[in-house]
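Noted in Swiss-Prot for the protein shown:
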| type | residues | note |
| --- | --- | --- |
| SIGNAL | 1-24 | signal peptide |
| BINDING | Glu34, Asp91, Asp122, Val123, Asp125, Asp158 | Ca(2+) 2 binding site |
| BINDING | Asn124, Asn126, Asp156, Asp158, Asn162, Asp213 | Ca(2+) 3 binding site |
| BINDING | Asn233, Asn235, Asp265, Asp267, Asn271 | Ca(2+) 6 binding site |
| BINDING | Glu250, Glu308, Asp339, Ile340, Asp342, Asp378 | Ca(2+) 8 binding site |
| DOMAIN | 351-454 | domain 'Cadherin 4' |
| BINDING | Asn557, Asn559, Asp594, Asp596, Asn600, Asp646 | Ca(2+) 15 binding site |
| COMPBIAS | 859-875 | compositional bias 'Basic and acidic residues' |
| COMPBIAS | 1071-1088 | compositional bias 'Basic and acidic residues' |
Amino acid sequence: MHSKDMDFVQMFVCFLLCWTGVDAVFNLKYTVEEELRAGTKIANVTADAKVAGFALGNRQPYLRVISNSEPRWVNLSPAGLLITKQKIDRDAVCRQTPKCFISLEVMSNSMEICVIKIEIIDVNDNAPRFPTNHIDIEISENAAPGTRFPLEGASDPDSGSNGIQTYTITPNDIFGLEIKTRGDGSKIAELVVEKTLDRETQSRYTFELTAEDGGDPPKSGTVQLNIKVIDSNDNNPVFDEPVYTVNVLENSPINTLVIDLNATDPDEGTNGEVVYSFINFVSNLTKQMFKIDPKTGVITVNGVLDHEELHIHEIDVQAKDLGPNSIPAHCKVIVNVIDINDNAPEIKLLSENSEMVEVSENAPLGYVIALVRVSDNDSGANGKVQCRLQGNVPFRLNEFESFSTLLVDGRLDREQRDMYNLTILAEDSGYPPLRSSKSFAVKVTDENDNPPYFTKPHYQAMVLENNVPGAFLLAVSARDPDLGMNGTVSYEIIKSEVRGMSVESYVTVNSNGEIYGVRAFNHEDTRTFEFKVSAKDGGDPPLTSNATVRIVVLDVNDNTPVMTTPPLVNGTAEVSIPKNAGVGYLVTQIKADDYDEGENGRLTYSISEGDMAYFEIDQINGEVRTTKTFGENAKPSYQITVVAHDHGQTSLSASAYIVIYLSPDLNAQEQIGPVNLSLIFIIALGSIAVILFVTMIFVAVKCKRDNKEIRTYNCRVAEYSYGNQKKSSKKKKLSKNDIRLVPRDVEETDKMNVVSCSSLTSSLNYFDYHQQTLPLGCRRSESTFLNVENQNSRNAAPNHGYHHTFTGQGPQQPDLIINGMPLPETENYSIDSSYVNSRAHLIKSTSTFKDMEGNSLKDSGHEESDQTDSEHDVQRGHYADTAVNDVLNMTVPSNNSQIPDQDQSEGFHCQDECRILGHSDRCWMPRVPIPARAKSPEHGRNVIALSIEATTVDVPHYEDCGTTKRTFATFGKDGPDEDRAEQRGRRQTAEPAVCSPKTNGAVREAGNGREAVSPITSPVHLKSPQSKASSTYNTLKCRDAERIANHSLLRQPEGKDSEPAMREINTLLQDGRDKESPGSKRLKDIVL
């Protein structure tokens, strides 16, 4: 509170003391910060009064505030609590006083007075604030450095150190800031000019002025300080040049620009505003011919210039600013008046409207649009004028003596261009020539030359069925580029029929091309229809064009399903089923029709009510079937309600009430369900597939059997040799008689007889000691003579394949025969000393012979080998037995040897089983007598030599040795041996090929003989031949070869074990080396 208020309080307190006679007066002082919210407790006066000696007596204390001193900021309760009434704002209570107090006087019930003073402590809750957002100061550029300009200060309601303490300005070199303190303690700022100002260099400055208080933390406020430098008239106007020279044509029109003068003054305002004027001593003629604009300095022609009167004008001009003490600037302008052809041609358009002429777009070429007249007041050549049209336009000028005509010179089309701006240029013959121009417009008027055209040739609209008659369907649009009535288009529907009715009964079109439906469409009746719309303009005659409109009527779910099966009577159908019907029994099938399409017509069936526990329905096909059996206590009838509803967006449905009677007379087994065509179709396809599969298997088996017969029954020698083997396990020792020399008295002395058979092949497979049969290479055997080969031919290429070629050696080199058969040489088994002396090599070697199926050697009468036959023995002698004991006994007889014929009624090989089961092929094989051993001196040289050679070539092809299919089951049963021999002879005469591999390879010369090298083959690759045999082979009849082979087989009926045989062979070979006989010498050569 102010001091005056405090004095009044003290005086009032003294008055109370004197008037009431109080006992004592006490003082209490409190200090609080401003901005306390209402209801804040300041102190407990009762407690503080006791401390201060304020005796309240023994009575209950009671305090009251004297009414004249009650403040509006605080409140004292009777119990002595001092509380704020409202938020205390020191700045509102005490303004700018250094200290702020509020006081109140309190009287107790003991008549004692207490004076309470509350000091309000200032809080820095206000930031300095400037009265405006910017401060503008104008300073003359003549202001000297050190000049001060007071600035408007900021205000801060806070006091003391929380008030404004300082001002700052944006740092710069031109102005500074000085802070001063007033008498009331407030701070003010003064702007100080520190450097000379130049407005022409910089006319404005902008800084930021900041006021900051002393609070903690301090608060601040800012304002923008704008300083404008005021100009002073310290510059004079200056012209660009002191003298200007210009040329002006005579008869130049008034206001023709002569020159634009420019004098600059860098001062501002009136100090820089320049005015122009002629100097007072300029002649009056010059002032009449020319004038100058005081503000712009533009000199223009003010009269008629005539070169003949005065051809030079000198004009003196001055320029000065409007500032005080202005100093003017001067310049001189020299004007030369140029003599010229000063009369230009004049052009006039002789038409009703000199600015525009009209022409129809159908105007023909040469059509006259307007007349043009051109004149020139000059005489002579200066008055002779030529005219032309400017630009590329479909017009031309036709010039005559005194006028010209404007003609159409091209096709006009208003739709392309409806207006032409023409300019006629006229030029006289003066020097320089004068030109003039005349511009006018040519408007092309419209003709009805364009028919309307639709924006597209086909329109389509989709509308839902059951539309409201008169509903908008679509709009067609046609355009006509013509104007007026020629471009006004009207529409109409071309007459046609839709389902036998006029199309106008379906749709209509208005003048704007909007098509509306006349009737409600039905998708089920009319799904789509087309019609044509004609667009016609208003020309005379009118032009038309057409467009096709297609209306597609979309389906709406507007058809309720209709029950068709079973037949309903008043919505009810009765069905009878057997009482003993089981689960899944077909009661009936519900069928309904819906004429809608898609989802609107797809129906689903369901049972909505009734005896649903006993029946169920297929949602798709509507079959009603039982779900449980009916017992003895079943009702006589059951009822269900079947509903068929479609799948439209708003589903429609139909229901049927089905009464199902249980009849004991019907039998549940008599039901024949509906035919499932899909199942029948699948079963039929499966049956066809099975039949085809079985047929393929049958054909494959038959082909395999035929191939087996072709591969198996082709060499009779092997067939006879195997047939003479006995089941006896008794082994016969090899004697010297088993090795014999073959006499040389055969048909040709330089050839030897070799049984050619595809079974004499070399295989890279390991030797199978459990194979029981000898596979034969062809169905009949033939003997082939080979030319004698020189000894040097033994150095042939090594074996690289499966097949070998047998070649003869020289006549002086006998070969080794074991049991009538030459010992073969394979790629793993060679006839040399190491192999002969090594048992292990012989056992591990691979033979050129392959066992044939033993089952095929015995016929049980069932046309094929029967493995259950008594002759079938899987433990029969091994291939080595046949190869060493039986096959080696086959020798080549001389020409004088006779082979006796066998009994035709019963063969030599017949057994008791033949009388019961029938004869087999082996029964008809003739018995060949054992030939006498040759004692000729040359016996040692005439032997069969087998030389194993191989050449790596393509797989050979075997030729079928007979056209008649032969097996062991049919051999000897299709005719006598003589007939078969004749047939074979005829075949061999016409076809001299052999069964051995075809010699597609080269035939190499070697000494006096020739070596036929056969291609490599494998027993498993038997193909048809590609070429005939080499001429090196001479073929014998198979019958002769069979007799020779059989003759040897009869001498050795039993098999021979390979190991004992080889031991005996080694012994014999050792004996032969000691004697050095020709035969042993030949054997040594073979072995080496």
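Any Cβ shown, glycine's included, is placed from N, Cα and C.
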Asp158 (Ca(2+) 2 binding site) as reference: those binding-site residues from Asn233, Glu250, Asp265, Asp596, Asn600 with C-alpha within 10 Å of it: none
For Asn233 (Ca(2+) 6 binding site): DSSP state (helix, strand, coil): coil
Local backbone state of Asn271 (Ca(2+) 6 binding site), from DSSP in three classes: helix
Residue among binding-site residues Glu34, Asp125, Asn233, Asp646 with Cα closest to the Cα of Asn162 (Ca(2+) 3 binding site): Asp125
Cβ-Cβ neighbours of Asp594 (Ca(2+) 15 binding site) (radius 10 Å): 22
Closest of Val123, Asp213, Asp342, Asn557, Asn600 to Asn233 (Ca(2+) 6 binding site), Cα positions, binding-site residues only: Asp213
In three-state DSSP terms, the structure that Asp213 (Ca(2+) 3 binding site) belongs to: strand
Neighbourhood of Asn557 (Ca(2+) 15 binding site) by C-beta distance under 8 A, where only residues 6 or more apart in the same chain count: Asp596, Asn600, Asp646, Gly648, Gln649, Thr650, Ser651, Leu652
Minimum Cα separation from Asp267 (Ca(2+) 6 binding site), reported as the residue among binding-site residues Glu34, Asp122, Val123, Asn126, Asp594 that achieves it: Asn126
Other CB atoms within 10 A, centred on Asp342 (Ca(2+) 8 binding site): 18
Rounded inter-Cα distance in Å - Glu250 (Ca(2+) 8 binding site), Asp265 (Ca(2+) 6 binding site): 35
Least buried by Cβ count (within 10 Å) of the binding-site residues Asp122, Glu250, Asp267: Glu250
Secondary structure content of the domain 'Cadherin 4' (351-454), with strand meaning DSSP E or B: 4 helix, 51 strand, 49 coil
Residue from Asp91, Asn271, Asp342 whose C-alpha is spatially nearest that of Asp156 (Ca(2+) 3 binding site), among the binding-site residues: Asp91
Asn271 (Ca(2+) 6 binding site) versus Asp594 (Ca(2+) 15 binding site) - Cα distance in angstrom: 102
Ca(2+) 15 site, defined by Asn557, Asn559, Asp594, Asp596, Asn600, Asp646: further same-chain residues with Cβ within 8 Å of the Cβ centre: Asp555, Asp558, Thr560, Pro561, Tyr595, Glu597, Gly601, Gly648, Leu652
Where Asp646 (Ca(2+) 15 binding site) falls in three-state DSSP terms: strand
Cβ neighbours of Asn162 (Ca(2+) 3 binding site) where a neighbour is any other Cβ within 10 Å: 22
Cβ neighbour count within 10 Å of Asp596 (Ca(2+) 15 binding site): 23
Nearest of the binding-site residues (Asp91, Asp265, Asn271, Asp342, Asn559) to Asn126 (Ca(2+) 3 binding site) - Cα to Cα: Asp91
